[in-house]
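Features of the protein shown, as given by TrEMBL:
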TRANSMEM  6-29  transmembrane segment
DOMAIN    6-259  domain 'G-protein coupled receptors family 2 profile 2'
TRANSMEM  41-59  transmembrane segment
TRANSMEM  71-93  transmembrane segment
TRANSMEM  105-127  transmembrane segment
TRANSMEM  147-171  transmembrane segment
TRANSMEM  204-221  transmembrane segment
TRANSMEM  233-257  transmembrane segment
Amino acid sequence: AGEKILTAVNVGASALSFTGSAFIVLCYLLFKELRKFSFKLIFYLALSDMFCSFFNILGDPGKGFFCYAQGYSTHFFCVASFLWTTTIAFTLHRTVVRHKTDVEELGAIFHLYVWGSSLVMTIIPSIGNDYGAGAWCWVQTARAGKVLQFVTFYAPLWGAILFNGFTYFQVIRMLNNATRMAAGMSDRQQHVDTRADMKALNRWGYYPLILIGSWTFATINRVHDFIEPRQNVFWLSFLDVGTAALMGLFNSIAYGLNASVRRTLQEKINLLPERIRKWLPGIKLRDARESELISL
């Protein structure tokens, strides 16, 4: 009964993540005005989340080909997801803090870094250990397999969390200093612009919390399972499965539903006949300065 509940939670939460991620992917494919370099990174993040969620929706397919396919695919696309968040953080830091304009030239390097690292992290656990040995064909039961899973999944995950947190801290600290300088010089226009910067960027400080919130219980559960492999804690497994599977939904809301997307949707809605438009909710936009920053 407990395993059926966990499977249902996993499938339900993954379905929500799949829907949210697919919406962002669809927006990118349908609206050419969104195809800026910054939103391309969000597109690839959403694409990774979408496939990660899709293979999670398979639940527990049992052993055999589908089990291996799910194990490899889930690992690959989930790792790719949090690696794409590091490219977004890097782009933000390079653009806002270092004032560089060459980020678009780094696109090929970003792809090599994300997909290459994800592939390596996926292949390594299969050396001497089989995917499909545990729940949802992903969690390893052999002790060596558990160690490899820590090295190839949780180590990159928490590395991404630390990198993103440090990067966003630097960006926000720089803007805080700029705000104080603008106030000291009584430069009203600069003060207004910097306040818009802060309004847009303060919420980016919460992005590392998405990864933390999504994977803290999973990390604790893996550590507990490593120490006490015969003592499963149901409530911990419940939180592990539920929060990890919601990562795609959290990312799609935080990264994808920014001012650029909302502005584009509002423009498309305004083109609809009035009889249809009146049934659709309005989309509140931020000011132009903040919209520009959020789209970085």
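Heads up, residue numbers simply count up from 1 along the chain you see.
The backbone N, Cα and C atoms fix where each Cβ goes, and this holds for glycine too.
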Criterion met for the transmembrane segment (147-171) and the transmembrane segment (233-257) (at least three Cβ pairs under 8 Å): no
Annotated stretches the transmembrane segment (204-221) and the transmembrane segment (233-257) touching (3 or more Cβ pairs under 8 Å): yes
